[in-house]
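*Asks:* Sharing the feature lines straight out of Swiss-Prot:
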| type | residues | note |
| --- | --- | --- |
| BINDING | 11, 12, 13, 14, 15, 16, 17, 18, 19 | ATP binding site |
């Protein structure tokens with residue numbers, strides 16, 4: 001058996017990072033961590049605490065309350081997948097709402113939020129054998145990761161994928177244009193923020209999955225993993 005490694009999968013929102021990271025982790029017996037879910041959980045906390053007034057976040061109150069935000073992952077025995085818990089409550093479905101999607105990028109630009117999340121993520125990866133997806137895993141969280149993937153896809157393809165997810169969860173009101181606008185705005189914020197902006201690591205392999213099926217993506221990732229580990 002080869003020594004365990006760290007696999008960093010970065011890329012734009014709604015490009016299928018989480019799906020491929022979960023599939024890869026399950027196939028190779030690694031732990032999967034959805035870092036985007038961590039930022040979404042902080043966002044959900046801020047919404048529930050009423051920290052948004054007329055679209056503006058009370059950042060100082062959130063800063064002071066960050067020590068009260070406890071995010072953990074627990075394995076769902078039925079699905080075999082990790083689910084997100086906020087202060088002991090399963091919020092896996094709640095963090096996927098459009099309201100959270102609309103506010104998560106501004107939350108993720110806050111230095112004190114990113115610093116707290118990065119510390120947690122680095123602690124999770126100390127023993128390696130982990131697949132972590134996000135925006136800055138290969139550049140900030142684990143710049144020494146042995147395998148780095150940068151995922152992208154056309155905006156309209158990503159919007160349709162996200163809309164399909166929302167429809168499957170019972171959202172019948174959000175439109176394609178709503179989702180596309182949200183994705184384009186998140187791209188802008190993620191790419192221009194001062195702290196850990198979304199960018200491709202110099203040594204990352206690029207995967208444009210605009211026209212790939214999930215099985216094709218999984219096969220591609222497994223091939224790259226075998227190349228890196230020599231397995």
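Any Cβ shown, glycine's included, is placed from N, Cα and C.
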*Asks:* Can you check what DSSP calls residue 15 (ATP binding site), collapsed to helix, strand or coil?
*Replies:* coil
*Asks:* If you count Cβ atoms within 10 Å of the Cβ of residue 13 (ATP binding site), leaving out that atom itself, what do you get?
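*Replies:* For residue 13 (ATP binding site), the count of other Cβ atoms within 10 Å is 22.
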*Asks:* Quick one: give me the count of other CB atoms within 10 A of the CB of residue 19 (ATP binding site).
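*Replies:* I get 16 for this one.
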*Asks:* Show, in sequence order, which residues other than 11, 12, 13, 14, 15, 16, 17, 18, 19 on the same chain lie with their Cβ within 8 Å of the centre of the Cβ atoms of the ATP site.
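*Replies:* Apart from the listed residues, the neighbours are 133, 151, 153, 158.
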